[in-house]
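Visitor: For 6-24, 57-78, 90-111, 131-155, 176-203, 223-245, 252-274, the entry in TrEMBL reads transmembrane segment.
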């Protein structure tokens, strides 16, 4: 049982990253960026493409990261910035269009089948009694925790981070105080895209498979994690991601793989019925950011 809890936390760490990426977008910009699952996919797929071409893994991950970040900035320019005078639904649908575009580009070149991701991390294990933790799993968990702590400290301790929080409170007031919204908004897209891309790489390394559609299911669960934790709350996204990871692993352990989605989305429904604002609640959103 304890081993399953550990496995759930390891899986949940991937959902945490995608949930945090969504949270930064909706909590600060009030914009649900549907391209985030596509950026998650790009992180994993481009890494696989480059490694398959013989590029050293570290360089491949670095290049995939930079490409995903560049794509995130393109999404910002062609959705949020270019269409900011339009109705709210227009940039939202446009970001969904980018998700489909990213998927279709990879689909044309590499097909829809899942591709085996090569083992790039030594297959070492950490044994604590009966517990077994793989090196890739441990790396994913540690890196996820480090990223979330880094983002939290960045938002609270730096001048730019305080500017971002000011925009989350009131864009007009932030501009009056001299905060350059035209710089901060692309930065939010860049950070959320970078976090999503890292999540895609960790998923590929941990589960040894990638596909053009790998972001969709993880994206749905990332949104669910964000809702469970409380819309806009970074720490709520962490709680939601870990809960979904645990629910998924435990449902496989006790009920079988056929019940995974039923368990995850059933948990989402129950929490919304009991606490519609999520675990951390809307009243705490700005404080937690």
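Cβ atoms here come from the backbone N, Cα and C positions, even for glycine.
Describe each of these features in terms of where it is and what it packs against.
Guide: Same-chain residues lying 6+ beyond the ends of the transmembrane segment (6-24) with a Cβ under 8 Å from its Cβ atoms: 32-33, 36-37, 39-40, 131, 133, 137-138, 140-141, 144-145, 147-148, 151, 188, 191-193, 195-196, 198-199, 202-203, 206, 218-219, 221-223, 225-226, 229, 231-234, 236-238, 240-250.
Beyond its flanks by at least six residues, the transmembrane segment (90-111) meets 31-35, 37-39, 41-42, 45, 49, 71, 74-75, 78-80, 83-84, 212-213, 215-216, 219 of its own chain at Cβ-Cβ distances under 8 Å.
Tertiary neighbourhood of the transmembrane segment (131-155): same-chain residues 2-3, 6-7, 9-10, 13-14, 16-17, 20, 24, 121-125, 161-162, 164-165, 191, 195, 198-199, 202, 205-206, 234-235, 238, 289, selected by CB-CB distance under 8 Å and a gap of 6+ residues from either end.
Cβ atoms under 8 Å from those of the transmembrane segment (176-203) belong to residues 13-14, 17-18, 20-22, 24-25, 28-29, 33, 35-37, 39-45, 47, 61, 64-65, 68-69, 71-73, 75-77, 80-81, 139-140, 143-144, 147, 151, 160, 163-164, 166-167, 214-215, 218 of the same chain, restricted to positions at least 6 beyond its ends.
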